[in-house]
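What follows is one structure encoded as C-alpha cells, with my remarks underneath.
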Amino acid sequence: QNGAVPGEQGKQEKSVKRGNWGNQIEFVLTSVGYAVGLGNVWRFPYLCYRNGGGAFMFPYFIMLVFCGIPLFFMELSFGQFASQGCLGVWRVSPMFKGVGYGMMVVSTYIGIYYNVVICIAFYYFFVSMTPVLPWTYCSNPWNTPDCVGVLDGNLSSRAALNITQLLNTTQKRTSPSEEYWRRYVLNLSDDIGNLGEVRLPLLGCLGVSWVVVFLCLIKGVKSSGKVVYFTATFPYVVLTILFVRGITLEGAVTGIMYYLTPQWDKILNAKVWGDAASQIFYSLGCAWGGLITMASYNKFNNNCYRDSIIISITNCATSVYAGFVIFSILGFMANHLGVDVSKVADHGPGLAFVAYPEALTLLPISPLWSVLFFFMLILLGLGTQFCLLETLVTAIVDEVGNEWIIRKKTFVTLGVAVAGFLLGVPLTTQAGIYWLLLMDNYAASFSLVVISCIMCVAIMYIYGHRNYFKDIEMMLGFPPPLFFQICWRFISPAIIFFILVFTVIQYRPISYNDYVYPTWAISIGFLMALSSVICIPIYAIYKVCRSEGDTLLERLKNATKASKDWGPALPEHRSGRYAPVFSPSTESHLEVQPLQPEKGQNEAAAASPVQGSNGSAHIQDSRL
C-alpha cells in the first residue's frame with residue numbers, strides 16, 4: 001500500500017500518506033474523549049442508583065475486567081497492527097468484511113443523532129447566558145396552570161390553599177424546567193408521525209455543532225489531535241468545580257448515600273449483571289469501529305496494551321465520579337422540595353435537560369453553573385463525535401485508497417458532515433425527540449453486541465488465535481498476557497453472548513414518559529438494528545460466490561484466508577511470515593515455505609529482530 005519507502009524516510013515509522021498522531025498523548029486523549037461521552041453522565045449514575053447503589057460497582061468492575069478491557073485491547077491492537085480503518089483491517093479474513101460495513105452503519109446512525117443531542121446542549125448553553133435562567137419561574141407564555149416552580153411563591157401562601165387542592169396539585173405538579181423543555185425548546189408534538197415544523201433555534205445550533213466538528217477534523221487526526229488537549233481534559237475541570245459546589249450544599253449527603261448505599265440482595269438479580277455488562281460495552285465504544293480507526297494512526301510499535309488499560313479505567317472512574325456530581329445536587333433539590341431522592345432522579349435527556357437544570361436554579365449565581373454544566377456536556381459529546389466522523393471518513397479514504405482521494409480527504413470530511421447535518425434535520429422537528437430516542441434504543445444496542453461477537457470469533461477462531469498472538473508479539477515485543485488470551489478465546493465471547501440473550505429476554509417496547517410508540521415506529525427501529533447486522537451475511541455470501549474453488553468448502557477456505565496484503569502497512573515492519581519473497585524462482589519458494597516448520601520462521605524472526613530495511617528481509621529469505 002505504501003510502496004517501498006526509500007532508505008531513511010522509512011525509518012521514521014510514519015505512514016507518510018495516511019498521517020499519524022503527533023505523539024502518544026494525543027492518541028490517549030482522543031480515545032478517552034471517545035470512550036467518555038454523555039452516557040457516563042446521564043446513564044451510569046442512574047443505573048447505579050437503580051441497581052443497588054454501591055453493590056452495582058461489583059458486577060460493573062467484574063465486567064470491566066473480563067469483557068471491557070480485553071475487547072478494548074483487541075480492537076486497538078487489531079487497528080494498530082494493520083494501520084487500516086474498520087474496513088481495511090478485514091484483509092485478515094476477507095469474508096468478514098461485512099463486520100466493517102456493519103460498524104460503519106452503526107457509526108452513521110450514532111453520528112446523526114449524537115450531534116442533535118450536542119446541538120440541544122449548545123442551545124441550553126446559549127440561553128443560559130442571561131441574568132435569570134429562563135426555566136426558573138412559571139410566569140412565561142409557554143407555562144400551564146399546573147406549573148409549580150421550586151422558587152415560586154413562599155410556602156405560607158400555598159398552605160392557605162385548602163388541602164384537596166394541594167393534593168391535586170402535587171399529583172399533577174410539573175416543573176418550569178420540564179415545561180420549558182417540552183413546550184418551548186422541543187414544542188413537542190403528540191405523536192412520532194406528526195413532525196410539525198422544524199424548530200429553527202435547534203436547527204441553527206445543529207449547524208453550529210456540525211461546523212465545529214468539521215473544523216476540528218479539517219486536517220484529520222493532525223488537527224483533531226490538537227483539539228483534544230482541550231476537549232478531553234476540560235470536562236474534568238468542570239466536573240471538579242461542580243463536585244465541590246455540589247458536596248457543599250445542604251442535603252448533598254442524602255443524595256450521595258442514595259447513589260452509593262449497597263443493596264447486596266440485588267447482586268443475585270440477572271438484570272443487574274446484564275445492565276453492568278451492557279453499560280461497560282456501550283460506554284467503551286466497542287464495535288463502533290472508532291477504536292480500530294484511532295489505533296490505526298498509531299506508530300507500529302506503540303504499546304497499545306498499556307493504553308487500553310489506562311483508557312478503560314479512566315472511562316469507568318469518570319462514570320463513578322460523575323455520579324457524585326449528579327447525585328449531590330439532586331439530593332440538595334430533593335431536600336429543598338422535601339421529597340425522596342427517587343422522585344427527582346432521572347436519566348437520559350430528562351436528567352441533562354430537565355432535572356439537573358432545575359436543581360441549578362436553586363443555586364446562587366445559577367447561570368454560571370448552568371453555562372459550565374452545558375459546556376461540559378458539549379465537550380463530552382464532541383469528543384465522541386470527532387471519532388465517529390473520523391471513522392467514516394477513514395473507512396471511505398482507505399477503501400478507495402488512491403493518491404487523489406488521500407489528497408482530497410478534507411472534501412470527503414466536508415461531504416460526510418453535510419450529509420450528517422441534512423439527515424439530522426428531521427430530529428430537530430417537533431417529533432424529533434421521539435426519533436432520537438428510537439435511534440438511541442434500536443440503532444445502536446442489539447446490533448453492536450452481534451458485531452462484537454462475530455469479530456471475536458473471526459479473529460480468534462477463523463484467523464486463529466496463535467496467529468493473532470504472534471502478530472501482537474511481533475508488534476509489542478511480548479505476546480498478550482495469558483489472562484487476555486483466555487478472555488479473548490472464551491470469557492469475553494461468552495459474556496457478549498450473555499448480553500445478547502439478556503437483551504432479547506429483557507426487551508420491552510420503547511416509550512417516552514407516557515407516550516407509547518406505535519408498532520410501525522418500532523418496526524422502523526428494528527429495521528435500523530437489522531440494517532447494520534445484515535451487512536455481515538450479505539457480504540459473506542457475496543465473497544464466497546466471488547472466491548475461487550470448485551466445491552463450497554474450497555470457496556469458504558479461500559474466502560476466509562488472509563489476503564496477500566494483510567499485515568503491517570509499512571515494508572520495514574514486514575518481517576517473519578510477512579517478509580516479502582525476493583527470488584527469481586518464486587514458485588519453488590511458495591512450495592517450500594509451507595513445508596518448513598514454524599520453528600524455522602521463528603528462528604529467522606529471532607535472528608533478525610524488526611529492523612526497517614529490505615536487507616533483513618533478504619537475510620531471512622536465504623535462511624528460509
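Every residue gets a Cβ built from N, Cα and C, even glycine.
Annotation for ASN40 (Na(+) binding site): same-chain Cβ neighbours under 8 Å, separated by at least 6 residues, are SER283, ASN315, THR318, SER319, ALA322, LEU380. According to TrEMBL, the Na(+) binding site annotation covers GLY33, ALA35, VAL36, ASN40, SER283, ASN315, LEU380.
What TrEMBL lists as compositional bias 'Polar residues' is 610-624.
Residues annotated as disulfide bond in TrEMBL: CYS138-CYS147. Sequence-distant contacts of CYS147 (disulfide bond), defined by Cβ-Cβ distance under 8 angstroms and a gap of at least six in the same chain, are CYS138, THR174, SER175, PRO176, GLU179.
Positions annotated as region 'Disordered' by TrEMBL: 584-624.
If you look up TrEMBL, you'll see 27-45 (among others) marked as transmembrane segment. Distant neighbours of the transmembrane segment (27-45): 21, 76, 114, 117, 221, 224-225, 228-229, 231-233, 235, 259, 279, 282-285, 290-291, 294-295, 297-298, 302, 307, 310-312, 314-315, 318-320, 322-323, 325-327, 347-349, 351-352, 376-377, 380-384, 386-387; these residues of the same chain sit at least 6 beyond its ends, with a Cβ under 8 Å from one of its Cβ atoms.
According to TrEMBL, the feature transmembrane segment maps to 57-78 (among others).
Long-range contacts of the transmembrane segment (99-126) within the same chain: residues 37-38, 85-90, 185, 201-202, 205-206, 208-210, 213, 287-290, 292, 349, 352-353, 357, 370-371, 374-375, 377-378, 381-382, 384-385, 388-389, 391-392, 395, 420-421, 423-424, 427-428, 432, 435-436, 439-440, 443-444, 447-448, 451, 454-455, 458, 528, 531-533, 535-536, 539, each at least 6 residues beyond the stretch ends and with a Cβ under 8 Å from a Cβ of the stretch. Annotated transmembrane segment per TrEMBL: 99-126 (among others), in sequence order.
Under the heading transmembrane segment, TrEMBL lists 200-221 (among others).
Look at TrEMBL and you will find 233-260 (among others) tagged as transmembrane segment. For the transmembrane segment (233-260), same-chain residues at least 6 beyond its ends with a Cβ under 8 Å from one of its own Cβ atoms are 29, 36, 45, 48-49, 53-54, 318, 321-336, 341-342, 345, 363, 369, 372-373, 375-376, 379-380.
Taken from TrEMBL, the feature transmembrane segment applies to 280-297 (among others).
Annotation source TrEMBL lists transmembrane segment at 309-334 (among others). Note on the transmembrane segment (309-334): residues 28, 31-32, 35-36, 40-41, 44-45, 48-49, 57, 60-61, 64, 68-69, 72-73, 150, 236, 239, 242-243, 245-247, 249-260, 280, 283-284, 340-341, 343-345, 351, 355-356, 358-360, 362 of its chain, located 6 or more positions outside it, place their CB under 8 angstroms from a CB of the stretch.
TrEMBL lists 368-389 (among others) with the feature transmembrane segment.
Annotated transmembrane segment per TrEMBL: 410-436 (among others), in sequence order.
Annotated transmembrane segment per TrEMBL: 442-462 (among others), in sequence order.
Residues annotated as transmembrane segment in TrEMBL: 482-505 (among others).
Beyond the ends of the transmembrane segment (517-542), by six or more residues, the same chain brings 95-99, 101-103, 105-106, 109, 191-193, 434, 438-439, 441-443, 445-447, 450-451, 454, 509-511, 559 to within a C-beta distance below 8 angstroms of the stretch. Marked as transmembrane segment by TrEMBL: 517-542 (among others).
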*the transmembrane segment (410-436) vs the transmembrane segment (57-78): three or more C-beta pairs under 8 Å (separation of 6 or more)?*
no
*Given the transmembrane segment (200-221), which of the listed stretches 57-78, 280-297, 368-389 has the most Cβ pairs that are under 8 Å apart from it?*
368-389
_Counting a contact as 3 or more Cβ pairs under 8 Å, with residues at least 6 apart in sequence, do the transmembrane segment (368-389) and the transmembrane segment (442-462) touch?_
no
_Folded-back contacts onto the transmembrane segment (442-462), same chain, C-beta under 8 angstroms, at least six residues removed_ = 71, 74-75, 78, 92-93, 95-96, 99, 102-103, 106, 109-110, 113, 278, 281-282, 286-288, 468, 488-489, 492-493, 496-497, 499-500, 503-504, 510, 522, 525-526, 528-530, 532-533, 536, 560
*So what sits near VAL36 (Na(+) binding site) in its own chain, CB-to-CB under 8 Å and at least six residues off in sequence?*
ALA232, PRO235, THR314, ASN315, THR318, LEU380, GLY383
*If you take the centroid of the Cβ atoms of GLY33, ALA35, VAL36, ASN40, SER283, ASN315, LEU380, the listed Na(+) site, which other residues of that chain have their Cβ within 8 Å of it?*
VAL32, TYR34, GLY37, GLY39, THR318, SER319, GLY383, THR384
